[in-house]
Amino acid sequence: MSVSPVSIVSTPVAVSASPAGAPDQPVQPVTVRWRGREAYEASFDAMRAFTDTRTADTGDEIWVVEHPPVYTLGQAGDPAHLLVADSGVPLVKVDRGGQITYHGPGQIVVYLLLDLRRRKLMVRTLVTKIEEAVIETLAAYNLASVRKAGAPGIYVASGVHEGAKIAALGLKIRNGCSYHGLSLNVKMDLRPFLAINPCGYAGLETVDMASLEVAADWNDVAHTLVGRLIANLDGASAAADKPHALEQSND
């Protein structure tokens, strides 16, 4: 049985119409923050703190980051999906939905810190918009990809790697606001995926864009992906805050 990557707590995210005579609350442009290479725990703590302290006036943000090697296990995840206990890669238990996945250099990780009530977004709609953004990004590099019913993420559509997973997603919804997000494999060491059942699926092949013979620049793909996410969310221009450049890493 598949496990949803979305974990919902507290208030539901469905939004009713504004009271009669009350104007709709405008949706502010998304601020994009490029956080560089950052330890997973630092990103995890920061997005929880951001979500816990945000108010109705807090703007939505998208964080783009690259993590050192780490496995993350969702709150309902089964530790048995970590097949090699002494792999040398740390395991962090987190509060998103879903099972186990791997993050590492050469992978784009995007966290979506969104007020779903203000945006009048149902969770399923948000997941669809995220998946569409990844599919559109890969299409920009002439890679055909698809979603699978009951198995959130994005998969290779055809060829020798048909059915292999190239992107994963997992969200947490708290008080109508999302955090966590998605990961897209660009050019990375894929061997750590062999030590897990990716997203809880035994034998699931995981690939990156390089495996599909696409020599893509990490930063270029990241900018394409963020652009598609914003366009799919609301079509607004992002207010990009770039405190330091992300470094491409192929190790």
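Positions of Cβ are set from backbone N, Cα and C atoms, glycine also.
Residues or ranges marked as domain 'BPL/LPL catalytic' by Swiss-Prot on the basis of sequence analysis: 56-241. Annotation comment: Swiss-Prot describes Arg96, Gly97, Gly98, Gln99, Ile100, Thr101, Tyr102, His103, Ala168, Leu169, Gly170, Gly181, Leu182, Ser183 as substrate binding site. The feature site 'Lowers pKa of active site Cys' is assigned by Swiss-Prot to Lys165. Per Swiss-Prot, the feature active site, acyl-thioester intermediate maps to Cys199; the stated evidence is sequence analysis.
The distance from the Cα of Ile100 (substrate binding site) to the Cα of Lys165 (site 'Lowers pKa of active site Cys') comes to 14 Å.
In the three-state DSSP scheme, Gly98 (substrate binding site) is classed as coil.
The number of other Cβ atoms within 10 Å of the Cβ belonging to Lys165 (site 'Lowers pKa of active site Cys'), over all protein chains shown, comes to 23. Distance between Cα atoms for Cys199 (active site, acyl-thioester intermediate) and Gly170 (substrate binding site): 10 Å, as a whole number. Max Cα-Cα distance over the annotated substrate binders (Arg96, Gly97, Gly98, Gln99, Ile100, Thr101, Tyr102, His103, Ala168, Leu169, Gly170, Gly181, Leu182, Ser183) is 16 Å.
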